[in-house]
Amino acid sequence: MKNDINLTIEPRVKDIGIPVRRILPWAKKRMVGPFIFLDEMGPVFLHAPDDHIDVRPHPHIGLSTLTYLFEGSLYHRDSLGTVQEILPGEVNWMTAGKGISHSERETKEARSKDRRLHGLQFWVALPKHAEDMDPTFFHYDSNLVPKVETGSAKIDVVAGTFAGQTSPLIAHSPMIFLTARASKEGMLHIPSNGFELAIYVVKGTAMINGEKTSENKMVVFNTGSDLAIEHSADALIAVIGGEPFPEERYIYWNFVSSSKEKIEKAKIAWEDGSFPQVPGDAEKIPLPKD
């Protein structure tokens, strides 16, 4: 029903070397469940050899990053020594905990060709008890991501459980992330399981609980609202959500924490070089000047 809707978010367009749509955080809605940040990268066409993704090493605390691509590739390196290319349908899940740094670039082979890039990048805040955990990194090939066929769409169960399928992704609090790619007009039913849920329409149109929404808009629903999604034949939809946290989260640059003091310590460590560094990569993004 229409009164299930909490609010609708229209992204702000940013330029980080490529165009991105920033959906979260938003002035009136900082988080959806544990999700505290969402960028849609592209879709953009990159021309070889001049156009390329080159995000230098930068730090995180208090969160997990989740990268999911529809097109293109990215090349991840981090302070654990991880080196991992990510392709469409695969998942990179990096948990910063008490501190990790990483870079996001492209391989030389990828940069040598004209190509498209399109994907979603999330930050998922850690529950308070996990904020000081050791950092970890997991990569899941596309064949490890459970698939659900509804008759009108193929759903990737990237995180959480849906229709009896459970993602192997090790989440640190109850959450869900689904992508639904339509093959024809149809209906999807998403039970809330007590979560706060949001729908982001990447492509196409959808009628959600009787309210029409369109491409590049996020609709956030009241906690506990089940969703009935009537989608167009060309729809590409992301469903995110989870259990809201009882405490506030603070954000400064790439740092997230329930404690302002931890953020201040991370800022100092990044500036003085004591923060974990990406092996073999002397470049880094400096701390912003307030």
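Note: Cβ is positioned from N, Cα and C throughout, glycine not excepted.
According to TrEMBL, the protein has these features:
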- 21-124: domain 'Pirin N-terminal' (DOMAIN)
- H58, H60, H102, E104: Fe cation binding site (BINDING)
- 181-275: domain 'Pirin C-terminal' (DOMAIN)
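Recorded features from TrEMBL, shown on the structure.
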residue: H58; record: Fe cation binding site; Cβ within 10 Å: 17
residue: H60; record: Fe cation binding site; Cβ within 10 Å: 24
residue: H102; record: Fe cation binding site; Cβ within 10 Å: 27
residue: E104; record: Fe cation binding site; Cβ within 10 Å: 21
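Counting residues per DSSP class in helix, strand and coil order gives 13 helix, 46 strand, 36 coil for the domain 'Pirin C-terminal' (181-275). Other residues of the chain with a Cβ within 8 Å of the Cβ centroid of H58, H60, H102, E104, the Fe cation site, are V55, P57, P59, T65, D78, M94, I100, S101, S103, N254. Helix, strand and coil counts under DSSP for the domain 'Pirin N-terminal' (21-124) come to 4 helix, 65 strand, 35 coil.
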